[in-house]
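Inspection log for the structure reproduced underneath, given as structure tokens.
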Amino acid sequence: MTMFNGDVEDGGRSNVSCGKDLKRYLMLMGVVALVVLFGAFIYRQSSGGLRLGAMMEQMTGARGAVNVPAQHGAPSAVVDPAMSVPARARVAPPSAAGAIATFPPVVDFGPAPVVSGGPFTGVVTLLRNSVVSVTASSSGGQVMPDPLGLVNPDGLPRFANPTTRSVENIGTGVIVRNDGFIVTNYHVVRGANSVYVTVKDDVGSIRYSGEIVKMDEALDLALLKITPKVQLTAAVLGDSDAVNVADEVIAIGTPFGLDMTVSRGIISAKRKTMVIEGMTHSNLLQTDAAINQGNSGGPLVAANGTVVGINTAIYTPNGAFAGIGFAVPSNQARLFALDEVGWLPTSTAEGPAMGLVAMQRPMGVGVGAAGPVIAAGTPSPHVDGRQNMDCSNCHDIIPAGNGFQAPMMPVAAPVPPPPIPANAVSPHTDGRQNMTCNTCHQFVGGAAAGPIAFGQPMMPIAAPQQPAPAIRANAANPHTDGRQNMNCASCHQIIGSVGAAPIAAPGAGGAYRFSQPPGSLAINIQGPRGGQGAVAGSGGSRASLLGAALTPLTQRLGLQANLPAGRGVFVNGVTPNTPAASAGLRPGDVILKVDGRPVHQPEEVAAIMAEMPNGRSVRIGVLRAGDVSNMSLVTGPSGLAAAVVQAPTAPVVMAGGAPTVPGVQPVIPKVPTEFNWLGMEIETFMAPQPVVGMPGATPVAGGGKGAQVAEVLAGSRAAVAGLQANDLIIEVNNRPVTSPARLDAAIKAATAAGQQILLKVHRNGQEFWIVL
């Protein structure tokens, strides 16, 4: 009995213990299941996996769900991480963890929420009519290819150069006043014979002929002026000093000819100083917003809709955007424009909703249809140029007293009308006789000029095959055969003012050289560095001018001058009628000191000269032919800055071991009279042609003659170095080449030496050095 009871009791205790152990296991499995389900839910939500709406659609079989991805290639809306999800799109969590069945069977999300592109959507809408396309046409040859793909092997900063199409360069500009003033980059319009500006509005686009009002190479800015047929929409130049690193910005422009292209980024840094293609710039804004060829001159825009920079350059190893772009600060652009125009629009509201602009309408006249309502046939009371505009551009037109209103003539003709001579008399009597004829018609130069395709750039008379001589801007027109009615820039290169040097034409083959690696640090020395201008009405800036093109003293140049590399600055070219020329500086000199301070880089010369007021006599220590001498340079106004000649883009290297040969070289038997050397064809030896209206051109050494380049083969060594047709080669490795015999001897000596070849070149009254 006792034994039996003991067995029963033991068995009972054993069964109870087994049940308790099973409960623990079941509870543990439940907890693990809950954790797994909850983790899966969190993972799907955080990894962008299957969305709740899609999960419910699968479970409930709903076919009419609204929140479905965009189909047929239409991109779905992207939600900015900083934006909150709309309340109607949120889904309540399940009532119990892991209980999928507790979701409601159908959830009505309503219409799909419209997700905007953030605060910049309204900004782009605000500025879409303030950004223009700038086309600069210049004479030249073919675009030079880059067969090796070495566009910029050093990865140095270079200008976001305009898209080059043969001899047309396409950039971007910003309307800064609604009466036709536009800011763009200097390098977009530099050397252009004609400039065209395409302005867009809500209806279409209008192409205007533009006038270059002002240029500043140190700032890389240019001010254009067009005569608008309608009121324009001006952008507001904001305060670039108020922009902080990491602030969001957008870049608007015409990359590769694709107008109104918008890219987004941030302000990556603020650069105190930076050298771009030989020019020292200050306070540039660095951004990662995409800037490409054609973006030059376009706006960099802050979230409040104001322009905080003018896109100008990129840092790239291969010519493509590499995430580093630079913009001229808007404060510099404002001062640059104010020196000429007197006033600019200012914002009256801040923040993303900004849209009101003060001083946008001079003398209180409304913009667009904001003027008072007037009756049809009311004569224009204006005398400031608006009397030539269509009244409907600013006013709403109501019928006259008899209730009848004549049909309005559209500004743009629906069908392109025929081209007409510039002096044609308007045959219209329906009101169009009061309009500007080029609103509808394209002008041709004169009675003998044939029609040209509508909408193409106007070239009334084809320029001669040989480039005409450079002339001064105010030179009198000597023609009487109809060309007196033409724009002189159609055939001639225009020099800005008395003593100004010709603006160098585009690089070899007609392509702008901004896309090539800057081998020399040639710099237009003027101050304040970076182009800080003075506020209008201050009596001008304290800027000083040297008037010389400088380059660092390299090791080979140092050997030639018996100086260690970096001690001094090499003078690569001197502009006539500038302080540098008056002081006696010559190409080939080495500047050792400026105002008693040693200099080692062109930027140091720029910084010292920037401190000097106008009229100050500055002592310059110069090394020439082994002798050190001091020169007194009197600084001049910054208005002469555009006169400085551009140094060649190739590295300047003095060829050693090639002494100057005095006297006349002995005539070598069978001297050729035509030369085909390094891609150059040379047939003629001549004295340089004088530049019309420009005294003080540099005389040619060695008897006054040189070897004229008849043609340059595209892609050749000569083309890559920057030589152009009609250049006059004065010296080859310090040997004068005034005759075929001398050139032949110089070529043979240079070939035998096996070194780089240094050419002294004369172009448009200027001498400079080019290395081959």
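Positions of Cβ are set from backbone N, Cα and C atoms, glycine also.
Range with Swiss-Prot annotation motif 'MCR 2', chosen from 252-275, 420-443, 564-587, is 420-443. For the ranges 45-69, 170-194, 470-494, 720-744, the feature annotated in Swiss-Prot as motif 'MCR 3' maps to 470-494. Each residue contributes its Cα atom, and for Asp220 (active site, charge relay system) and His187 (active site, charge relay system) those atoms are 6 Å apart. Asp220 (active site, charge relay system): 29 other CB atoms within 10 A of its CB, across all protein chains. When the C-alpha distances from Ser296 (active site, charge relay system) to the recorded positions His187, Cys391, Cys437 are tabulated, the minimum falls on His187.
When the neighbouring Cβ atoms lying within 10 Å are counted for each of the recorded positions (His187, Cys391), the highest count belongs to His187. There are 34 other CB atoms within 10 A of the CB of Ser296 (active site, charge relay system), with all protein chains counted.
Note: the CA-CA distance between Cys391 (heme 1 binding site) and His187 (active site, charge relay system) rounds to 37 Å.
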